[in-house]
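Q: One structure is given below, represented as structure tokens, and several questions about it will come after.
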Amino acid sequence: MLQTRLGLGALRQGRLLFAVKSFSTTSVAKIFPPPPQTIKGTVNDAAVFPHHSKLHGSYHWDFERIIAIAMVPQVMIPLFTGTSHPLMDAALACTLITHAHLGFESCVIDYFPARRFKKLSPLMHWILRGCTVLTLIGVYEFNTNDIGLTEGIKKLWKS
């Protein structure tokens, strides 16, 4: 009904309706301009393939999926049983932190590629590793000296 009332004339006028310039207080600044497009060697040289590593490609993707799927029963079991066990808290904490680390590592790889940021890329990887270790230590302290991960989530959920 709406289409028949508006008709095709409204589609032609749609450019005028949506031609509003967005409000912006800053100009576009290219912080990291793109590198020059160059070819190493000649055009007739054979392509150099990178070294094959099991930490990249399909093995890495499969490991990420296994970690993500392993979290499902670890979250559901304490919810259905209503109780939490320290071993379940430890397993959930390890898989949750590993899942987060792998996700943030993908972000670091995407936004700070090693071929472009030769010094910043390793620094960002080490910052991520340090934050992951600090998170592991913090969750270990929370699980051993406090109420535990699943009880903490339950209290947050009910508050």
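Every residue, even glycine, has its Cβ placed from backbone N, Cα and C.
Got these off Swiss-Prot a minute ago, pasting:
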TRANSIT   1-30  transit peptide
TOPO_DOM  31-65  topological domain 'Mitochondrial matrix'
TRANSMEM  66-82  transmembrane segment
TOPO_DOM  83-89  topological domain 'Mitochondrial intermembrane'
TRANSMEM  90-109  transmembrane segment
BINDING   His99  heme binding site
TOPO_DOM  110-122  topological domain 'Mitochondrial matrix'
TRANSMEM  123-140  transmembrane segment
TOPO_DOM  141-159  topological domain 'Mitochondrial intermembrane'
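Context for these features, please: burial, neighbours, distances.
A: The average pLDDT the prediction assigns to the topological domain 'Mitochondrial matrix' (31-65) is 77.
Cβ atoms under 8 Å from those of the transmembrane segment (66-82) belong to residues 88, 91-92, 95-96, 98-99, 102, 150 of the same chain, restricted to positions at least 6 beyond its ends.
Sequence-distant neighbours of the topological domain 'Mitochondrial intermembrane' (83-89) (same chain, 6+ residues past either end, Cβ-Cβ under 8 Å): 74, 77, 143-144, 148-151.
Residues 63-64, 67-68, 70-71, 74-75, 78, 121, 124-125, 128, 132, 135-136, 139-140, 143, 149-150 of the same chain sit 6 or more residues outside the transmembrane segment (90-109) yet have a Cβ under 8 Å from a Cβ within it.
Reduced to three states, the DSSP call for His99 (heme binding site) is helix. All chains included, 15 other C-beta atoms sit within 10 angstroms of the C-beta of His99 (heme binding site).
Away from its own ends, the topological domain 'Mitochondrial matrix' (110-122) comes close to residues 32, 35 of its chain (Cβ-Cβ under 8 Å, at least six residues beyond either end).
Broken down with DSSP, the topological domain 'Mitochondrial intermembrane' (141-159) shows 15 helix, 0 strand, 4 coil.
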Q: In the same chain, which residue numbers or ranges, 6 or more beyond the ends of the topological domain 'Mitochondrial intermembrane' (141-159), come under 8 angstroms Cβ to Cβ?
A: 78, 84, 86, 88-90, 92-93, 96
Q: Please spell out the DSSP helix, strand and coil residue counts for the topological domain 'Mitochondrial matrix' (110-122).
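A: Helix, strand, coil within the topological domain 'Mitochondrial matrix' (110-122): 5 helix, 0 strand, 8 coil.
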Q: Could you break down the residues of the topological domain 'Mitochondrial matrix' (31-65) into DSSP helix, strand and coil, giving a count for each?
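A: Helix (H, G, I), strand (E, B), coil: 8 helix, 0 strand, 27 coil.
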